[in-house]
């Protein structure tokens with residue numbers, strides 16, 4: 001009998017195959033497929049179903065669709081939101097595509113039906129019985145198919161229908177299903193399906209064995225544990241190593257190579273044993289693993305060898321920093337001792353100085369000179385003790401403190417460890433971090449530093465700790481006692497000029513992609529920048545101004561390719577940097593009544609301080625303005641009382657305190673000021689305002705005054721002298737007991753200024769007030785000035801040595 005031919009719309013299927021006699025729901029969403037369904041509804045609901053070779057293709061062609069498919073009838077149709085259609089189809093018979101009659105707007109094909117016409121022979125009967133038996137075993141073991149299905153299959157007499165129904169219930173891949181669908185010969189179809197059922201039966205049997213083995217090793221209630229053990233059993237069948245076993249073996253190898261101290265090794269092995277007994281995905285297992293990783297990453301025994309060549313070290317320090325002789329000497333001394341004494345504790349040094357003088361970069365240079373690793377830890381704003389000591393492991397998200405983290409990062413036990421801005425720490429309800437640092441910075445204790453997270457003493461005695469601060473008075477006293485403080489003063493103008501020429505200018509030229517021959521900045525230009533565009537103790541702003549010159553020069557060179565070299569002279573600065581920001585010269589331009597120039601120390605370095613006093617008719621009221629601190633207010637009161645007691649000698653009306661109100665103002669009004677060293681300045685300004693005698697504008701002074709007129713020593717002399725020199729002052733009045741501090745002043749500064757050391761306020765007034773006949777003839781030069789001890793009295797310097805503003 002000739003095969004039946006017909007022309008039908010074709011519906012391509014993705015990831016699914018429909019056998020004859022099979023009833024299934026299909027969700028249709030592609031535009032072509034929807035139109036094919038609509039066409040089929042007009043043609044007696046008949047449609048041809050064929051599976052795509054690649055399910056991921058959204059717009060298949062003729063070559064992407066199998067030739068053999070199933071002729072089906074649409075039983076139900078339901079339109080869903082979004083343009084999708086759900087149809088219920090029933091397979092009728094096999095069919096083969098002869099040709100495509102149309103591809104748009106949907107596939108239309110000419111097919112021929114493939115009928116099952118095989119006569120039931122003894123071989124087919126045997127194959128049917130074997131297939132039914134294997135299928136029954138499969139259903140019993142897999143438990144995925146209802147037992148009622150077996151009853152309906154057993155009673156089937158048609159071999160083709162039997163094969164198709166069993167194939168539709170089996171868990172076969174799409175490719176295997178297509179093989180069965182394309183098998184038109186009955187014997188071939190039954191044999192292939194029998195082989196597939198036997199294979200699936202073996203897989204199900206293996207799954208059952210694995211399930212039985214796993215079920216004996218675990219409690220039924222532990223679902224997650226049960227799933228993990230299933231994976232382990234499967235890996236065992238495949239001959240793969242368990243992930244947890246491999247992880248623990250890796251940790252054991254690391255422990256063997258780490259050369260841990262005995263106590264640490266015992267603790268690590270104990271934690272490893274705990275880890276091996278834990279479920280792999282248990283929350284505590286992750287904590288233990290992180291803990292072990294931290295312990296094994298710490299440098300318990302690894303060190304770097306110090307470079308003990310003093311000449312090379314000195315050369316490196318000189319390359320990186322200009323001046324700073326005291327600091328460099330201290331580092332070279334350490335190297336010398338380290339060379340003689342092989343074992344010594346790491347020094348703990350604190351660099352105190354204004355911003356921009358190179359405290360932090362000095363730490364890097366020390367590490368380079370010693371050939372040690374370098375780590376910088378900023379303490380600015382740290383207020384939680386856990387930042388230093390870490391969190392205990394009982395807390396969620398616990399981690400070691402920043403000291404241990406730094407040691408872990410550098411990987412050696414003898415780095416240069418810089419604790420930056422140690423004076424900027426604070427404290428709150430979470431603890432006091434400065435107290436936690438006591439153990440770190442104590443050479444007698446830091447060989448067994450205890451971090452809350454690590455819970456095992458760690459040796460920090462080989463670490464070279466360097467701390468930096470802007471002012472020593474903000475560092476807690478117990479912490480300060482543990483450190484060797486080295487004061488770094490601000491740079492002189494000449495030092496800034498040399499730093500700019502040797503370091504800053506070459507650095508900025510290189511960073512901006514320029515060549516040295518493309519830009520020419522003269523010494524006088526740099527000197528003008530230092531004088532009129534910056535006012536600082538360090539060189540940070542100076543570097544910014546040089547960077548600005550380089551940026552503008554780079555733009556000119558890029559814009560105009562004909563420019564080969566740019567020269568920047570003094571006369572060009574305003575076009576590059578704008579008008580000067582500061583006036584270079586004396587603090588006051590001429591002698592004035594009631595205005596005296598004092599010298600101040602701040603964390604930013606030294607500065608000049610004008611004190612203004614005016615009088616007007618009143619009842620003796622003394623007004624102090626300028627945001628003065630308590631100490632400075634008391635200093636003003638002492639100066640007032642001294643001038644009142646000396647009114648007759650100074651030619652002042654003894655009853656001025658009854659007739660005049662006095663207003664003392666210290667600009668700038670928004671800046672807090674405190675300290676006793678403006679005492680002689682206030683007294684001089686008071687004497688000038690009340691007597692009408694002018695104060696010499698080229699004279700600056702510093703010193704504390706007592707009610708008896710004695711001038712007591714003050715701190716910050718070097719910074720104050722540098723500020724006076726920067727302001728163009730020519731004469732400085734200071735206490736004679738500060739003569740020892742003059743050794744720190746650079747020789748070129750000392751030679752350009754006149755220093756007058758005084759012991760009593762009378763001398764100050766003789767020198768400062770303009771109507772006096774210049775400097776007294778009997779003034780003793782600095783070199784022969786007697787000290788306070790030789791004068792027969794002692795003075796007590798303020799505990800802090802320096803003042804916020806004085």
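Positions of Cβ are set from backbone N, Cα and C atoms, glycine also.
Here TrEMBL flags 8-201 as domain 'Lon N-terminal'. Residues annotated as ATP binding site in TrEMBL: 353, 354, 355, 356, 357, 358, 359, 360. Per TrEMBL, domain 'Lon proteolytic' is recorded for 590-771. Marked as active site by TrEMBL: 677, 720.
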Proximal but sequence-remote residues of the same chain as residue 359 (ATP binding site) (Cβ under 8 Å, at least 6 apart): 351, 353, 468, 488
Surrounding CB atoms that lie within 10 Å of the CB of residue 356 (ATP binding site), all protein chains: 19
Position of peak Cβ density within 10 Å, selected from the binding-site residues 355, 358: 358
Listed in sequence order, residues with CB under 8 A of residue 360 (ATP binding site) and six or more positions away: 376, 418, 420, 468
Between residue 677 (active site) and residue 354 (ATP binding site): CA-CA distance (Å): 19
Overall pLDDT of the domain 'Lon N-terminal' (8-201), taken as the mean: 86
Any further residue of that chain within 8 Å (Cβ to the Cβ centroid of 353, 354, 355, 356, 357, 358, 359, 360) of the recorded ATP site: 351, 468, 470, 488, 537, 538, 540
Other C-beta atoms that fall within 10 angstroms of the C-beta of residue 720 (active site): 30
Cβ neighbour count within 10 Å of residue 354 (ATP binding site): 23
Alpha-carbon spacing, residue 356 (ATP binding site) to residue 720 (active site), which is rounded to whole Å: 17
Candidates 355, 357, 358, 720, namely the recorded positions, that fall within 10 Å of residue 677 (active site) by Cα distance: none
Residue 355 (ATP binding site) and residue 720 (active site), distance between Cα atoms, whole Å: 16
Site of maximum Cβ density within 10 Å, from recorded positions 353, 357, 677: 677
